[in-house]
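Trainee: Submitted below is the structure of interest, expressed as structure tokens.
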Amino acid sequence: MCAGIQAEARGAEALRATFSRNVFIPVTDLCRNACGYCSFRRDPDRARVISRSEAQRLMERAQSAGCSEALFSMGDRPWEVRGDRLELLEYLVELCELALEMGLLPHTNAGILTREELELLAPYNASMGLMLESTAHLKIHERSPGKRPEVRIRTISDAGALRIPFTTGILVGIGESSEDRIRSLEVIAELHRRYGHIQEVIIQPLDPKPGTESEGMHPPAMTDMVKLVSIARRILPLEISIQVPPNLMDPVPLLRAGADDLGGISPVTPDWINPERRWPEIDELRGVVLVERLPVYPRYVKLGWYGSRTKDLIKRLADERGLRRT
């Protein structure tokens, strides 16, 4: 699919971006938080846990579509609302094992996790993730104990101590100041300097949702996003990729400003966090040279920083550069 893009790109003007071909599997939409911009979370009487058979059907479609990543996402510490903690975590491990059997590398974003919980999941994941969102204490998070910055920083730090390749990022336009954005990026940079585990930082604009507190809010302007990506490129170590979601904003100006990754693009499932924002088709991104990667970045493929159970599949899927084998 990349060949058509490369034919469109011309000379030094071409922009280059990596991406991962994935399937997005929402494990559960039960969540202890009640963020003012979220339409993913469901109240306990409406929330559900995906069945193994449904997850397997999605993975089968992902196989057919040539995906290499299974993105597992769920609400924050749902067992504090309903259910058994160990039972859900063991089920998540079971889904990760199924993904590996089907040739898909798991990347799990399960919200706030303790070090013990990270240790349970890490062997079955090529990488993991948790958005920092902001170091500021914001009104929009006042009913969300899992969005306290110090709690999120602790999980990101614990992942670093365990050498888990990690994706994090900031959410832009949720009531934070420009200074807050810079401080958040500086904290991420410092965590990486300490542990070396941050593979990418997402700069994600708010997408206001009808029926939520964010409904009357305005997403950040493109000019502000371009400026922020440029600032992020100066603050973050060069080995950290800057990711921008291509279904939320035109990625081309942001790539020109210093972003270099488009994240997971799924030919199989919607973005369950922003389901009304469809993924672009790969060949719609004209003028961008797309390079397919795995959910674990080449640097960490070479370092061997990935879950022990993922090793054999990574060796099958990665080329000599650590990118997706074609």
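We number each residue from 1, going along the chain as drawn.
Just so it is clear, glycine is given a Cβ too, placed from its N, Cα and C backbone atoms.
Predicted, not measured: the structure shown is a model, and the values here were computed from it.
These came from Swiss-Prot, pasted as-is:
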BINDING   C31, C35, C38  [4Fe-4S] cluster binding site
DOMAIN    17-247  domain 'Radical SAM core'
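Each of the listed features needs to be described in terms of its position in the shown structure.
Mentor: In sequence order, C31, K209, T212, I273 are the residues of the chain that are 6 or more apart from C38 ([4Fe-4S] cluster binding site) and have a CB within less than 8 Å of its CB.
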Trainee: List every residue in the same chain as C35 ([4Fe-4S] cluster binding site), at least 6 positions away in sequence, whose Cβ is under 8 Å from its Cβ.
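Mentor: Result: R41, I140, H141, R143, S144, K147.
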Trainee: Enumerate the residues of the same chain, C31, C35, C38 excluded, that satisfy the criterion Cβ within 8 A of the mean position of the Cβ atoms of the recorded [4Fe-4S] cluster site; list them in sequence order.
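Mentor: Those within range, site residues removed, are N33, A34, Y37, F40, R41, G75, D76, S144.
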Trainee: Check C35 ([4Fe-4S] cluster binding site) against DSSP and tell me helix, strand or coil, would you?
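Mentor: Reduced to three states, the DSSP call for C35 ([4Fe-4S] cluster binding site) is coil.
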